[in-house]
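Accompanying notes for the structure given below.
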Amino acid sequence: MICSLLEYIVEIYFFPGLKEHWWISNVGLVLVVIGEIIRKLAIVTAGRAFTHLIKRYHEDHHKLVTHGVYRYTRHPGYCGFFIWSVGTQIMLCNPLSTLAFAVVVLRFFQQRIPYEEYFLQQFFGSEYEDYSRRTSSGIPFLK
């Protein structure tokens with residue numbers, strides 16, 4: 001975030017024309033709103049199953065959520081966060097930070113999702129395998 005702020009300040013000082021493309025900012029704003037909606041729908045739909053920590057042990061209340069926004073993607077919370085984070089930088093017309101945010105967040109999810117899915121497969125077995133075949137991860141370049 002600090003790099004994003006620095007990029008914005010440097011570019012507005014040295015290249016103010018870069019920050020005057022309102023249609024680009026508006027596209028970024030739309031992405032921010034869409035990403036936030038997707039993430040909030042994921043949280044509400046999953047209920048108690050949604051946590052910020054990866055569960056390594058199956059709990060009795062832990063059920064595989066496949067309805068609502070989860071019908072379309074296995075990781076809508078991550079998908080929403082990815083869209084939101086990249087959208088914030090597009091909204092600010094920060095080309096370097098847009099690319100950096102996309103790479104960093106993509107890399108983070110490329111490591112986190114396989115780890116999380118390992119445990120989901122342990123918890124739900126063939127039910128999760130079938131579900132993962134029917135849906136995408138919601139993250140670009142990640143099955």
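In case you wondered, yes, glycine gets a Cβ from its N, Cα and C as well.
Annotation source TrEMBL lists transmembrane segment at 21-38 (among others). Away from its own ends, the transmembrane segment (21-38) comes close to residues 69, 76-77, 79-93 of its chain (Cβ-Cβ under 8 Å, at least six residues beyond either end).
Feature annotation from TrEMBL assigns transmembrane segment to 81-109 (among others). Counting same-chain residues at least six beyond the ends of the transmembrane segment (81-109), those with a Cβ under 8 angstroms from any Cβ of the stretch are 3-4, 7-8, 11, 18-19, 21, 24-25, 27-32, 34-36, 38-39, 75, 137-142.
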